[in-house]
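Copied over from Swiss-Prot, here are the features:
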- His69, His110, Glu145: Zn(2+) 1 binding site (BINDING)
- Glu145, Asp179, His214, Glu259: Zn(2+) 2 binding site (BINDING)
- His182, Asp227, His229: Zn(2+) 3 binding site (BINDING)
Amino acid sequence: MLRLGSHVSMSGKKMLLGASEEAASYGSNTFMIYTGAPQNTRRKPIEELNIEAGLEHMKAHDMADIVVHAPYIINIGNSVKPETFELGVNFLQSEIERTRALGAKQIVLHPGAHVGEGADKGIKQIIQGLNEALIHDQDVQIALETMAGKGSECGRTFEELAQIIDGVTHNELLSVTFDTCHTHDAGYDIVNDFDGVLNQFDKIVGIDRLKVLHINDSKNERGAHKDRHANIGFGHIGFDALHYIVHHPQLADVPKILETPYVGGDKASKKAPYKWEIAMLKNGEFDPDLLNKIQNS
């Protein structure tokens, strides 16, 4: 069954219930959340996440396979500052606990940045961090994200992800998030040869590890190593390629999450595009006037 949704907000008093309500308003049947602000470690206690009411709403609206995204401040690739590494490991463990409490099975993680020490050192540090953070009997997988390769990011190739996975003791607890914008920006030709890229991924990492898809267009040409998301059909990947990926038979059971930019000039008037983009990906017809329609809605 096609599970298609977007990033939604989990905040205020409603928390998980509010996230599910927002997702339902977009015509989604899955969604992705941060457990709090992605740029800090301030988090509400689990009992204040309004989980019971949220799960009831999800059940009533056929929401399933929801995904949690770990915050950007976690960098377990940092071998220069021990305090940054330690914070990353400890906070990742507490985020795994929140993910489990929310009933999600996947927590998306940017593998980490080597901060100038080189990819090999960064990957070694990430392996150490994951070995420390993972508890062998947990039922949550860390879904390492394919990265664009901007700055000192690790995980910019399938080989780097495989290297991390191979080094982790309990690697049955690792999966992969395939981000279309990142993979395109990293240099993979998902526009003209997605099947070839998927076969390559299968040979190097294993398609059985692909548990989350981030569906984003890209503002940049292939191989730019930039990571700038564009609205569906309005970037260098294009609608046809993204529609093909969303409906790919080998990925039928993988939840697909949109992280495309809000539409509008100033912050106050920006609007979420997800209701329109989800409808477009379902019906298979690109609307070149979509951004104007969203702005004027």
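Don't overthink the numbers, they just go from 1 along the chain as shown.
Each residue, glycine too, has its Cβ placed from N, Cα and C.
Locations of recorded Swiss-Prot features on the structure.
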residue: His69; record: Zn(2+) 1 binding site; CB count, 10 Å: 25
residue: His110; record: Zn(2+) 1 binding site; CB count, 10 Å: 23
residue: Glu145; record: Zn(2+) 1 binding site; CB count, 10 Å: 23
residue: Asp179; record: Zn(2+) 2 binding site; CB count, 10 Å: 26
residue: His182; record: Zn(2+) 3 binding site; CB count, 10 Å: 27
residue: His214; record: Zn(2+) 2 binding site; CB count, 10 Å: 26
residue: Asp227; record: Zn(2+) 3 binding site; CB count, 10 Å: 21
residue: His229; record: Zn(2+) 3 binding site; CB count, 10 Å: 22
residue: Glu259; record: Zn(2+) 2 binding site; CB count, 10 Å: 16
Q) Taking the centroid of the Cβ atoms of His69, His110, Glu145 as the Zn(2+) 1 site, which other residues of that chain lie with their Cβ within 8 Å of it, listed in sequence order? A) Ala70, Val108, Leu109, Ala143, Leu144, Thr177, Asp179
Q.
To the nearest Å, how far is the Cα of Asp227 (Zn(2+) 3 binding site) from the Cα of His110 (Zn(2+) 1 binding site)?
A. 13
Q. Checking the binding-site residues His69, His110, Glu145, His214, Glu259, which are within 10 Å of His182 (Zn(2+) 3 binding site) at the Cα level?
A. Glu145, His214
Q: Could you measure between Glu145 (Zn(2+) 1 binding site) and Asp179 (Zn(2+) 2 binding site) for me? Cα positions, answer in whole angstrom.
A: 7
Q: Compute the C-alpha separation of His214 (Zn(2+) 2 binding site) from His229 (Zn(2+) 3 binding site), stating it in Å without decimals.
A: 11
Q) Taking only the binding-site residues His69, His110, His229, which one has a CA atom nearest to the CA atom of Glu259 (Zn(2+) 2 binding site)? A) His229
Q.
With DSSP assignments reduced to helix, strand and coil, which class does Glu145 (Zn(2+) 1 binding site) get?
A. strand
Q. At the Cα level, what's the spacing in Å between Asp179 (Zn(2+) 2 binding site) and His110 (Zn(2+) 1 binding site), rounded?
A. 11
Q) His110 (Zn(2+) 1 binding site) to His229 (Zn(2+) 3 binding site): how many Å between their Cα atoms? A) 16
